[in-house]
Amino acid sequence: MRFGLPSKLELTPPFRIGIRTQLTALVSIVALGSLIILAVTTGVYFTSNYKNLRSDRLYIAAQLKSSQIDQTLNYLYYQAYYLASRDALQSSLTSYVAGNKSADNWVDSLSVIQKFLSSSNLFYVAKVYDSSFNAVLNATNNGTGDLIPEDVLDSLFPLSTDTPLPSSLETIGILTDPVLNSTDYLMSMSLPIFANPSIILTDSRVYGYITIIMSAEGLKSVFNDTTALEHSTIAIISAVYNSQGKASGYHFVFPPYGSRSDLPQKVFSIKNDTFISSAFRNGKGGSLKQTNILSTRNTALGYSPCSFNLVNWVAIVSQPESVFLSPATKLAKIITGTVIAIGVFVILLTLPLAHWAVQPIVRLQKATELITEGRGLRPSTPRTISRASSFKRGFSSGFAVPSSLLQFNTAEAGSTTSVSGHGGSGHGSGAAFSANSSMKSAINLGNEKMSPPEEENKIPNNHTDAKISMDGSLNHDLLGPHSLRHNDTDRSSNRSHILTTSANLTEARLPDYRRLFSDELSDLTETFNTMTDALDQHYALLEERVRARTKQLEAAKIEAEAANEAKTVFIANISHELRTPLNGILGMTAISMEETDVNKIRNSLKLIFRSGELLLHILTELLTFSKNVLQRTKLEKRDFCITDVALQIKSIFGKVAKDQRVRLSISLFPNLIRTMVLWGDSNRIIQIVMNLVSNALKFTPVDGTVDVRMKLLGEYDKELSEKKQYKEVYIKKGTEVTENLETTDKYDLPTLSNHRKSVDLESSATSLGSNRDTSTIQEEITKRNTVANESIYKKVNDREKASNDDVSSIVSTTTSSYDNAIFNSQFNKAPGSDDEEGGNLGRPIENPKTWVISIEVEDTGPGIDPSLQESVFHPFVQGDQTLSRQYGGTGLGLSICRQLANMMHGTMKLESKVGVGSKFTFTLPLNQTKEISFADMEFPFEDEFNPESRKNRRVKFSVAKSIKSRQSTSSVATPATNRSSLTNDVLPEVRSKGKHETKDVGNPNMGREEKNDNGGLEQLQEKNIKPSICLTGAEVNEQNSLSSKHRSRHEGLGSVNLDRPFLQSTGTATSSRNIPTVKDDDKNETSVKILVVEDNHVNQEVIKRMLNLEGIENIELACDGQEAFDKVKELTSKGENYNMIFMDVQMPKVDGLLSTKMIRRDLGYTSPIVALTAFADDSNIKECLESGMNGFLSKPIKRPKLKTILTEFCAAYQGKKNNK
């Protein structure tokens, strides 16, 4: 093994990296990681503090700036208030109101105002108004007042305009915002003048108003003062009120530094949830670390509203983000530079230290290479001494050596070994150490782990200092360092009595340097030197190892034989499943090649298409299983509601169960589960439930029940489940949902037993049609369900209408609906999600939880034997593995379900009792991310999924009988136990369209009405009688539809009755039925009469048409071996006999092998019986011939082979052929 860098770079793992490089990288990563963690923590902490401190500083600066503004305005206000409260003005206004309108009345007032204006350069113009806002007195400062333009005066005298005035004018006054006059800013302050001329009245009232135009330069100087505000920008904004008196906008009082001078004239809107809105409307101050509201770039700012009553201003102090973050940026640069410098220093220091530290390991590596190359262990002294010494050391170290090996070495005491030079080889009888190949094999075997049987064969010893490890090497973890050093000292001092080595072994040994400290590396060196001596004893273990390996090979052989047997069973089953649709495809193709009638060819193509779809379904199951086995299936998690799963199951299987006359109930418990938005792969969950429900419907007889219960069990205990490796789904204690779902039925619901409720979908549908007080949530659910149903069944109905076919496509409801279910679950929204605006499903919750959801599917089918309840989850295993099994399939459904459940950390369990039914429980944990509110709905859970709902009452209606009502309630297929009578299963779509009366197929007049291809068929069509053909597992998936459309005899197919409208496997029928004999009464009695025993409808049609092409028209069909026995018995009692019987091997009830034995033994039937089977294996052929069959016809059936069989075994066919 080389530790250095390779000469060529290896691009595939494991990558070769020297231990020196690894040590350097490890130390560097630890040092740099620690520095980075410290640097990041420090940087984040101080950066956050810097930001907080600097934002607080901006806020304090804004407060100071607003205080300065308040002081300036208050100074101007009190001077103006002083003028407004002068007695001269009050007396003049009182006299004016009393009727004295002469000029003499205003002389004193004018003098007072003139003195006030001339006393300061701050005031320019003063104008007095009466209470009706009429100007009665105007005075100006001769120095500046006459120089103000008219447009500026108009904006500064708000009382002279028609602009609405604020109500504060009547109490404290108003202040206009500064207006630019050339280079200076002016503003005006309007105050009310209160007077009380009466000595009787105590309250003063407003007799007039005074408006004073004053300079705003003092305010401007406060605005421009940026003392102690480095790189800061100051802004003052003023609120703009609308006609309702609300602050709807703002503008700048003064243009900020660097902006245009006309910026104060622009009004900006106030957005909600901004600091401007909070400051204007709530009077709150504060700071922002990052915003771009007042600038195009990011800035940090502090703001504080002014407290002056006449204005609504906000002072703002802002800084660019680069200035605001400059201290934090500087600190980050310092920390980064320091980390990089320290990292470089650590790396440079680590390189020489790592070189020095790995030198002992390098020496150990070189010594190992010498031993690996086969050099060393060449004894130069007589082998007797060396071997004895070696064994002595072995015993002292705890080794036990077989006595045979000791005897062998003693016997060789007289032999000697010669050493010649560095590469000399030793010669001795039986010395295995001299062969390089033996050395390499010994080392290689030593590196392998010993199997468990070797532990039992471990050689006992009485020494506890050292033991032989499981891989054959010394376990020196148990050796003390003193004993090792003692051995080494003894080895150096007594070389004549211990194992001596050649020059190569001397090179292999590691030198023992004098050390200051003893560590693991020194122990490793001593252990390595001891290991070279332990190689002798290693060979003693080889025999035991070979014996243990032999036992392993024997066990592996048994396991391989079991696997081979399982493979044979799988090949037999899958061969039957695949060959059955292939028989339909190839057989009908061969028939179509011989046909010239377009209708017959089209009908054959339909059977080919349905067989191809069934074959595709089987292959899809196999591929899905293979994908799960290879762990390439990935969960696609998303938000969904458990109601989505219930709706999908209802929309897919509701009609299926109704047509099958099986009561399907779906319930959700408790109602809290409906409000949860869960996170998981809803498509895979729907797939699992669909497989379980499909299985339940397949095995449930007519008038049976299938219950689907979705429960909330409690909170998920992830730690305990993970500890148990997710073998079970555990619930936290105290969170269990203890309320019993099976409570007393207060609505008189139909029950399956005394303690179990059932939600009958058929009665639910009736209730939906009769109850008009449906709540809002039910309307939404119904709407979604309608959309899902339309999307699922639209294709099937369209295909039926376009093809004018009585039988729907063989694509199963579960297969075709699954794709639609995925689509609907992704694009349809759950009720109550408030998702019309494009928002997310539901609303988030503060504390997301993980819940345990249980989905139970219980049926009243035949049940599963306890011995098979665990094996049914294995791939390709079914509850009934015999040839006479009633239900087919690949046996992958439950295996796929368990695989998907394990992927979700869930479980799949089965409880079943033979003769009672089965219950599959799928339990999994799901995270709740959101919740749905139903607060606005009066009855949010009033639907068919609630057992307590009024919609689950069974309501019966008395409807007048009519043709349509008779057709809508036409009889369905009878159970398998009654094969003497046949009825028609009609889909609701077809029933509503039918206009003719349907008669029983079992009418004894049928045989007389079917005369020939023309006349007999016309009579059959006139009376609208539909002959029924046996339904097999290949057709069980088809919809139960007998349309009122008429099929001609040339199409070769009548209307088909189906027990089960979902997909089963091929080649298995669910019930036995009377098959109308297809025969021609005009034929003479010497015509060939053949019985075809086949449970698959497609195979029946293939062989029947092939026989028709051979000129054989007198053909009878049977569905299973029991019916074949009855037909042969009935015909034998009349003194007649079939010329030949074609017998399928795998059939329900009674398989072909047992039926053949019964016919031969009990009825004495001697005519030929030819086997029909899809498993064309030599062992199967031999088994058929031993049962009493004469020939073998494999599927897919080929016409030349069929013709050969007829020629070989049917004498009547040969005679008929010769007559022609």
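From the backbone N, Cα and C atoms, a Cβ is placed for every residue, glycine too.
Following the DSSP three-state reduction, the secondary structure of K1195 (Mg(2+) binding site) is coil. What Swiss-Prot lists as Mg(2+) binding site is E1094, D1095, D1144, K1195, and the listing cites similarity to another entry.
Under the heading compositional bias 'Basic and acidic residues', Swiss-Prot lists 451-468 (among others).
Under the heading compositional bias 'Basic and acidic residues', Swiss-Prot lists 988-1000 (among others).
Under the heading N-linked glycosylation site, Swiss-Prot lists N100 (among others). A coil conformation is recorded for N100 (N-linked glycosylation site) in the three-state DSSP classification, outside any helix or strand.
Residue density at N138 (N-linked glycosylation site): 14 other Cβ atoms are found within 10 A of its Cβ, drawing on all protein chains shown. Residues or ranges marked as N-linked glycosylation site by Swiss-Prot: N138 (among others).
For N142 (N-linked glycosylation site), other Cβ atoms within 10 Å of its Cβ number 10. The N-linked glycosylation site annotation in Swiss-Prot covers N142 (among others).
On its own chain, N181 (N-linked glycosylation site) has I148, P149, V152 as residues at least 6 apart in sequence with a Cβ closer than 8 Å to its own Cβ. Secondary structure at N181 (N-linked glycosylation site), taken from DSSP and collapsed to helix, strand or coil, is strand. The N-linked glycosylation site feature in Swiss-Prot is assigned to N181 (among others); the stated evidence is sequence analysis.
When other Cβ atoms within 10 Å of the Cβ of N224 (N-linked glycosylation site) are tallied across all protein chains shown, the result is 10. According to DSSP, N224 (N-linked glycosylation site) is assigned to a helical segment. Sequence annotations record features per position, and here Swiss-Prot assigns N-linked glycosylation site to N224 (among others).
Taken from Swiss-Prot, the feature N-linked glycosylation site applies to N272 (among others), supported by sequence analysis. Around N272 (N-linked glycosylation site), taking its Cβ as the centre, 8 other Cβ atoms fall within 10 Å, counting all chains. In this structure, N272 (N-linked glycosylation site) belongs to neither helix nor strand by DSSP; it is coil.
Annotation comment: Swiss-Prot describes H576 as phosphohistidine.
For D1144, the entry in Swiss-Prot reads 4-aspartylphosphate. Secondary structure from DSSP puts D1144 (Mg(2+) binding site) in a beta strand.
If you look up Swiss-Prot, you'll see 414-433 (among others) marked as region 'Disordered'.
According to Swiss-Prot, the feature region 'Disordered' maps to 444-500 (among others).
For 960-1016 (among others), the entry in Swiss-Prot reads region 'Disordered'.
The annotation region 'Disordered' is assigned in Swiss-Prot to 1040-1081 (among others).
DSSP assigns N138 (N-linked glycosylation site) to a strand in the three-state reduction. Non-local neighbourhood of N100 (N-linked glycosylation site): empty, since no residue in the same chain at least six residues away has a C-beta under 8 Å from its C-beta. Distance between Cα atoms for N142 (N-linked glycosylation site) and D1144 (Mg(2+) binding site): 128 Å, as a whole number. Most Cβ neighbours within 10 Å, among the recorded positions H576, K1195: K1195 holds that distinction in the structure as shown. Across the structure, E1094 (Mg(2+) binding site) and H576 (phosphohistidine) place their CA atoms 13 angstrom apart. Taking the C-alpha atom of H576 (phosphohistidine) as reference, the shortest distance to any of the binding-site residues D1095, D1144, K1195 belongs to K1195. For N224 (N-linked glycosylation site), the spatially nearest entry among the recorded positions N138, N272, D1095, D1144, K1195 is N272, judged by CA separation. A separation of roughly 124 Å, to the nearest angstrom, links the Cα atoms of D1144 (Mg(2+) binding site) and N138 (N-linked glycosylation site). Put simply, N138 is the one of the recorded positions N138, D1095, K1195 whose Cα lies nearest to the Cα of N272 (N-linked glycosylation site).
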